[in-house]
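What Swiss-Prot lists as active site is Lys6, Asp137. The ATP binding site annotation in Swiss-Prot covers Pro95, Val96, Cys97, Ala98, Gly99, Leu100, Gly101, Gly102, Gly103, Ser104, Ser105 and rests on sequence analysis.
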Amino acid sequence: MKAYAKANIFLKLTGFDSRKYHLLESRFILLKDLFDELELVDKESDSKKEFEIISNFKCENNIIQKAYLLLSKRYNNELKELFSKKSLKLTKNIPVCAGLGGGSSDCASFLLLMNETLNLKLNLQELINLSIQLGSDIAFFLSGFHSANVSGCGEIIEEFEDDIPNLKWTFPQISCQTKAVYDEFDRGIFDFQKNNNQAQIYKKLSTKELLQNFKNKELNDLFTPCATLYPKMKSYLQEDFFLSGSGSSVFKVDR
């Protein structure tokens, strides 16, 4: 099963919820040519792990493990039987700490794979309700939409009929820590009402129109704090690249 990456075309922070989590307005688009892959494979006879992930990256305490534990509260017997014979193979192609949602997409694909394999018969809303307990971007990947306006803490998804130009990507070898970038944003000067007003304009425009008519700092509230925390990102800010999420992946329209 393919777990596709995503890009944020705009990302505006508009307040906090009751848990002090950031509220956002954003355009998410699915990147169909960049994906991780998940599959069930026969378990090695000497493996003693109840749930084993075989991967080309470090998997301890990752979001798929958390999804397994959450599902096991309701489907413990089914999961134990499956993973007594199978392991989960995860092939990572999406850069990590890059603003592309790789972990969230992997988690969504794991939930979908379990729903299909174990015939759990969970509908989309039930899957989204589970995903909210795990992470903020997962709902978009569950939706299957190619483009959507996303709000709340990432759980409110509205499909958008979009015009998406070809994008040229650059993946700096910089691991941007999401929490650190958000914390740096909080230390700055911001106007949530202004951000929300801008977002209401942006969400009506196509991705092509957004990238043609607005500056990178206007579209993504996290670009300035990202460049402050990670000085090597400043050159991309100055050279009119657009930032996805909290970084470090950047892109331009491929003309």
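Each residue, glycine too, has its Cβ placed from N, Cα and C.
Locations of recorded Swiss-Prot features on the structure.
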| residue | record | Cβ contacts under 8 Å, 6 or more apart |
| --- | --- | --- |
| Lys6 | active site | Phe28, Ile29, Leu30, Leu31, Leu100, Gly101, Ser105, Asp137, Phe140, Phe141, Ser244 |
| Pro95 | ATP binding site | Gly102, Phe171, Ser249 |
| Cys97 | ATP binding site | Ser175, Cys176, Gln177, Thr178, Ser248 |
| Gly99 | ATP binding site | Asn8, Cys176, Leu243, Ser244, Gly245, Ser246, Gly247, Ser248, Ser249 |
| Gly103 | ATP binding site | Asn62, Ile63, Val96, Gly135 |
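Of the chain residues outside the ATP site list Pro95, Val96, Cys97, Ala98, Gly99, Leu100, Gly101, Gly102, Gly103, Ser104, Ser105, Ala5, Ile94, Gly245 have their Cβ within 8 Å of the site's Cβ mean position. For the recorded positions listed here (Gly101, Ser105, Asp137), the lowest count of other CB atoms within 10 A around the CB belongs to Asp137.
According to DSSP, Lys6 (active site) sits within a strand segment.
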